[in-house]
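Report on one structure; see the data block that follows.
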Amino acid sequence: MSAPSPRPSADRAGSGRPARGGLRTTVKGPLVFSAVLGLIGGVIAGITASGGTQNPLRVDIALIAFGVFFMTSLVVVAMLQLAARENPDHLSQGSGVNRSSEEMFRKAAADRRAQAAAERREQGGTGGDAPRA
């Protein structure tokens with residue numbers, strides 16, 4: 001049995017399945033774009049490799065170019081979609097890797113200052129010329 005999806009879903013008519021997203025949130029948009037770009041690249045590469053329209057079409061090179069154009073454009077579009085997606089607000093809260101380094105630096109500096117002040121008080125305020133251990 002699979003675990004429930006962590007994403008909030010609008011239950012479609014009580015069927016237990018999530019509602020379908022729009023074209024932007026599905027895979028159909030990038031696939032269609034990549035297929036069209038692959039077709040254009042394949043046709044151009046096939047005609048160019050054959051030496052013009054008077055010679056027979058180089059189908060092998062056209063298919064290779066289609067595959068290269070399709071896969072490359074699909075990877076680029078997927079990376080752009082991931083880069084444009086906003087992170088959920090709960091990821092910026094808490095501790096660990098979700099805290100900003102500036103916040104961690106300020107806390108560590110304040111802790112060091114407090115520890116140094118406590119050590120000076122314990123030594124009885126001997127002054128700043130005393131050698132440190």
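Backbone N, Cα and C atoms are what each Cβ position is placed from, and that goes for glycine too.
Where the annotation comes from TrEMBL, it is an automatic prediction and has not been curated.
If you look up TrEMBL, you'll see 1-23 (among others) marked as region 'Disordered'.
Marked as transmembrane segment by TrEMBL: 30-49 (among others). Long-range contacts of the transmembrane segment (30-49) within the same chain: residues 57-59, 61-71, 73-74, 77-78, 81, each at least 6 residues beyond the stretch ends and with a Cβ under 8 Å from a Cβ of the stretch.
TrEMBL lists 61-83 (among others) with the feature transmembrane segment.
Residues or ranges marked as region 'Disordered' by TrEMBL: 88-133 (among others).
What TrEMBL records for 90-99 is compositional bias 'Polar residues'.
Residues annotated as compositional bias 'Basic and acidic residues' in TrEMBL: 100-123. Under DSSP, the residues of the compositional bias 'Basic and acidic residues' (100-123) split into helix, strand and coil as follows: 22 helix, 0 strand, 2 coil.
Residues annotated as compositional bias 'Gly residues' in TrEMBL: 124-133.
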